[in-house]
């Protein structure tokens with residue numbers, strides 16, 4: 001009983017510390033000042049409870065859409081998976097592949113050759129085939145990109161609604177208005193739905209991360225998703241809604257273009273893909289490396305100091321924005337490499353993609369026997 005009381009006490013203390021006014025709000029504002037009153041509605045944490053069920057709903061809609069819409073569309077466009085030759089069944093190599101390395105060094109290959117009695121060429125081919133088996137097919141990539149495109153188009157409709165009544169939203173053209181009256185800024189319906197759908201989407205991506213296409217920037221994508229959800233959650237609770245919607249608008253602008261370019265690439269529409277990619281590269285550089293740091297981050301670093309003294313939330317929000325900026329710089333370097341290849345006619349794939357490997361040499365059948373797992377296999381004539 002005493003232990004239970006202590007746990008409840010510590011939980012209450014932790015909750016009280018976590019929601020301490022000075023962590024989230026500038027002096028002298030308190031949470032009591034942000035209670036709904038006189039027809040004014042403010043963002044609160046209870047509004048976010050709907051995100052989890054909406055994220056699950058998005059996963060269900062995505063599965064439904066991929067089976068009933070994406071697959072027939074892919075077939076109509078001629079998108080289909082390549083026929084892959086599977087690696088021969090080999091317990092020794094399979095164990096090595098799963099527990100040691102998918103890309104063995106030359107020294108490791110020679111060691112395996114001695115155990116199996118295979119040639120280096122055979123072992124290298126086995127690993128190429130085995131790696132190809134784990135890579136997602138073209139159809140899976142196409143379905144994923146098409147879903148992102150449709151979701152992005154949905155977001156664009158909300159973006160249009162956000163921008164339709166610009167005179168009522170002066171912060172769209174005067175960034176100082178972002179902080180006018182902060183944090184006592186009432187919530188708009190369009191802002192509410194923009195946040196809920198955007199956060200639900202990123203939540204669904206975290207749920208499906210194990211099944212989605214894994215690219216070379218997989219870790220960076222995870223950091224991006226977590227940073228985005230953290231940033232959006234904090235901006236909602238601390239009523240950074242105006243700047244939050246501007247940050248989302250800037251980020252959503254180029255995403256649809258990238259997924260569209262990849263989708264047309266998988267469909268074999270090379271000219272369309274290249275044209276969209278050029279537009280995407282320009283939009284990405286302008287929005288993520290110019291507008292985002294020099295307008296939006298400047299807005300969050302400088303203008304708030306005219307209204308209030310720095311507090312924890314001020315520093316936390318800006319640090320998270322800088323994390324996103326660093327990810328933008330990383331992705332910009334990949335895009336510039338792709339642009340370089342595009343200019344010199346060598347662009348064939350997304351720099352982030354883990355592309356299927358071509359097999360070299362003539363095809364050979366592998367027929368081997370094993371002696372109690374000792375590794376002393378019989379040679380197949382090489």
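Including glycine, each Cβ sits where the backbone N, Cα and C put it.
In TrEMBL, annotation is done automatically, which means it is predicted and not curated.
Source: prediction; values computed, not measured.
Transmembrane segment is the annotation TrEMBL gives to one range among 40-61, 62-83, and that range is 40-61.
Same-chain neighbours of the transmembrane segment (271-295): 175, 247, 250-251, 253-254, 257-258, 260-262, 264-265, 324-325, 328-329, 331-332, 335, 338-339, 342, 347, counting only residues six or more beyond its ends whose CB sits under 8 Å from a CB of the stretch. Proximity of distant same-chain residues to the transmembrane segment (192-211), defined by a Cβ-Cβ separation under 8 Å and at least 6 residues beyond the stretch ends, is recorded for 43, 47-48, 50-52, 54-59, 62, 151, 154-155, 158-159, 162, 222, 225-226, 228-229, 232-233, 236, 241, 244-245, 248. Residues 217, 220, 223-224, 227-228, 230-231, 234-235, 238, 240, 247, 281, 284-285, 288-289, 292-293, 296-297, 300-301, 351-352 of the same chain sit 6 or more residues outside the transmembrane segment (315-336) yet have a Cβ under 8 Å from a Cβ within it.
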